[in-house]
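> So Swiss-Prot has the following annotated:
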- 18, 19, 20, 21, 22, 23, 24, 25, 26, 27, 28, 29: NAD(+) binding site (BINDING)
């Protein structure tokens, strides 16, 4: 069986206009996949050079396949049908290592056609590393490497204003573009680079903050033989991902034209502020996950897919989203509903086995950041507590007993909560404290909740009532009236 390369698999090749820091699965099934579609359907005509930003020889370089690889996008489409779509990606030309090919790396800045910089260097990538110097070959941190590359560009083109870059980081931190820009400016000042360079950074370059959303499941180790048989070739860089994707970019309106999104619309939004989209994702996608997990798991289910195929649990989650989360969010209702509909479809994806216990990690913090804001906003708006979000809190407290149908399961959270719950549930079993007292102790933890939740009218009582029903009748019976 042949391995992918451009000699045996000839096809389009595009001039290099994009630098990408990061060789991982996410960017390949997200950014490079979108660039490939735009190259095929428009005159974007842009090839990608992947820069490996860390010193490692694993995985091997994408250049061993001349930049070619296959994405397999699978899940439920807009009509709810299971689809699996294989695509040979031709947008990447080559990969270089900033460690072993430093001169080649700097040379990227000399190419007048270069226009975009994308990156995903993990959440820890956009950070300051003390001791990074201008003359390091290379510096340790990504922002320092980028500063050096930008200075190379500035110098080579004598500060020409039409030679700046559009820089689009995809790292999962808030306002990633602003964070990256601040670090580049910090290095520029620390290295005493000329004032003209700092002005050029501001005038000629755009640092765009983003929100990225797609579950990328990566190399399908268990199915490789079958998939390669279907494809008819060997591909060491196969990359799988879900059908859904969303790319929100906070940047100039002209970006839509520059990326040719006006000619071939993708699910890419160019917006003035990513904040409401971030809130929407946290509240609906992450919030639904967090509400679902303790309820579904204690109802005897193990994966998100099983939960969504269970009529009662699915109804509980959908009602929580549409009746209790969406009404308190600050975006047009139709936008929120179409996003929610995509979310429930993603949860049903038959190709992804998402274990409930793995999502349960750090559930106390997740509840505070993802559900509590909507619970409190609903109480404020209506004068009554949202029934399902409140029930989810009771289910979460019950979950920390660590026992289902007489069998124990691992609970993962910080040591404080694990010890606290062990003590509280032990006292509850020994009848030293009652349910209401247990709930009050949990809700009074100001350090965790950042407020005293026992002061929210009726919250202790309602959570305690729900918890009592869960303990007496089991989760199935307890949740039924809310389905």
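Note: Cβ is positioned from N, Cα and C throughout, glycine not excepted.
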> What's the most sparsely packed of the binding-site residues 22, 24, counting other C-beta atoms within 10 A?
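Across 22, 24, these binding-site residues, the one with fewest Cβ atoms within 10 Å is 24.
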> Sequence gap of 6 or more, C-beta under 8 Å: which same-chain residues meet both conditions with respect to residue 26 (NAD(+) binding site)?
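Expected: 120, 170, 212, 214, 216.
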> Counting across all protein chains present, how many other Cβ atoms fall within 10 Å of the Cβ of residue 20 (NAD(+) binding site)?
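Excluding its own Cβ, the number within 10 Å is 26.
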> I want to check the contact list for residue 18 (NAD(+) binding site): same chain, sequence separation of six or more, C-beta distance under 8 angstroms. What comes out?
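The list for residue 18 (NAD(+) binding site) reads 35, 46, 47, 48, 49, 114, 115, 116, 117, 118, given in order along the sequence.
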> If you skip the near sequence neighbours and keep only those at least six away, which residues in the chain come within under 8 angstroms of residue 28 (NAD(+) binding site), Cβ to Cβ?
69, 71, 89, 92, 237, 239
